[in-house]
Amino acid sequence: MATPAAVNPPEMASDIPGSVTLPVAPMAATGQVRMAGAMPARGGKRRSGMDFDDEDGEGPSKFSRENHSEIERRRRNKMTQYITELSDMVPTCSALARKPDKLTILRMAVSHMKSMRGTGNKSTDGAYKPSFLTEQELKHLILEAADGFLFVVAAETGRVIYVSDSVTPVLNQPQSEWFGSTLYEQVHPDDVEKLREQLCTSENSMTGRILDLKTGTVKKEGQQSSMRMCMGSRRSFICRMRCGNAPLDHLPLNRITTMRKRFRNGLGPVKEGEAQYAVVHCTGYIKAWPPAGMTIPEEDADVGQGSKYCLVAIGRLQVTSSPVCMDMNGMSVPTEFLSRHNSDGIITFVDPRCISVIGYQPQDLLGKDILEFCHPEDQSHLRESFQQVVKLKGQVLSVMYRFRTKNREWMLIRTSSFTFQNPYSDEIEYIICTNTNVKQLQQQQAELEVHQRDGLSSYDLSQVPVPNLPAGVHEAGKSVEKADAIFSQERDPRFAEMFAGISASEKKMMSSASAAGTQQIYSQGSPFPSGHSGKAFSSSVVHVPGVNDIQSSSSTGQNMSQISRQLNQSQVAWTGSRPPFPGQQIPSQSSKTQSSPFGIGTSHTYPADPSSYSPLSSPATSSPSGNAYSSLANRTPGFAESGQSSGQFQGRPSEVWSQWQSQHHGQQSGEQHSHQQPGQTEVFQDMLPMPGDPTQGTGNYNIEDFADLGMFPPFSE
């Protein structure tokens, strides 16, 4: 009973809140075992309480560790994100095939910033500029070298902030026309949208999209598009800018080439009242406006209209076509033009120079077959040439045909054509033709030759210095070769006026040489012994022997005239060495054995063999108008052959002298020789001396004297 009583009171007490502690008090003594058994539970609760205390003590440190790891993770993610953006912004990093590491990205970014800001130089205050140049001079030199003009426009509005004065020679516009206007007004209407896209710094739907050539798909450029807002982002585009009508008188002379280049790269002829445009290549950077540390006046604030960015660029003429032809070297009339055809001969492009060559406008020829302008008799020939050039695949083929011009006349045209092939598909894209007016080209070449002859006609022979050549065997050989070139019959006609300028006294002196055509210098009964032996020529000076027929005169000119007559009669081949031609005034000489210039102790005389001379009896030799020495080929061979087996230099100097002499016989044949006065300058001072030259009085020695010298190879006429 005790047991249920002990059990029920707690159950009953549980229903009464106020009697919870009443049954516990009397059971305090009797429930020793139960209390003892309940102690572990109480102790367990305390341990759980102690465990709570331990967890509460470790909680803040664990939470702090978890927070620190989270912070580090977020920081690493942000750093990776920023470095990825930096890698996309640096062109050198984005161009790499594989993704670089973080250190490489940072290093390339620093190098890129230095190159953009110019901090690679130690001095950033402009001290790198040469000290001898001012800023204005440096600016003009840069623009002159670039052959363009500098301009600054607001990025948002396109308002022109600055333009250099070099815009005048490039676009033929005064600087004042650009100030107060916008760049949109200066470009072609079809290029306005393209220019607006280049000046825009914000992203649009087409910004940052690139075409993948491998797959043919359009991809997003990623973070590269953020460079449009980046300071110093580069701009490069081509547009058509309007040309002005500034007078050429205000342009410097050194800009003629630029003007010709601008007309060449123009977009063809324009109609009346339409503006002319030129293709301009603009390169520059987007910069902040106004620059850091610079304040602009209030009146200039309206120009920028609160724009934060501006475009600083240089505009240069873009050469659309630069054909290599003669008329590009000067301001002459064009003689050729370019044309492009398809494989069927249809004209797809024509050079504007066709207006000056054939008279047609480019639009009159576009879309038409070239056979329509060809002569009916030449159409088959031209058609075959086009078919042949397609088969040649890149080789040049030329053809000449008659072309119908604008004024219904036939013009002889030479067309040099070749094909352009696609390097990938190896298919013929089009045919390029260079069409040249043959007649006009020949006229220009003839005019060029006339100008050259005019320049040569003013050449004064008296101003030519004559060097003192040493008289020797080696120099004599050189003089013979030079004489062949000077006195040849095939002389250039451009020098006719130079030879026609010989004074009248020289003509008179040479005229008397044709009067004695049948005389004989050396008669068959001459007392001279037979040919001289072939001993070595010991002296470089040769003296003319005292022949009875040659009398010493009181002047050098008289001796020259007599020797000329003897040459016309006997065809003596003057060879060998002779003293140098002093080119000075020589006083009258009396009958001496040796003249003063020949400083040799004893005079040497070399008698000639009478059989060595073959006088001509043909009347052609005495006729002034006939061919000099017409029977020269029928003469007996071998001059001075008594001591040699073969005759060297068989009369060649004689022919040379006769050719030069025959030019003056027909003009002054009736005049008599006038004696020169003592002290007068010697004739032919301007000509180089020749071996065996009769003007030197040394033509009566034989070729035997050079028998032992091997520097004169034998040759036949």
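Cβ atoms here come from the backbone N, Cα and C positions, even for glycine.
The range from 1-20, 81-100, 381-400 that Swiss-Prot describes as region 'Disordered' is residues 1-20. Taken residue by residue, the domain 'PAS 1' (134-209) breaks down under DSSP into 35 helix, 15 strand, 26 coil. Taking H, G and I as helix, E and B as strand and the rest as coil, DSSP gives the domain 'PAS 2' (323-393) the counts 32 helix, 13 strand, 26 coil.
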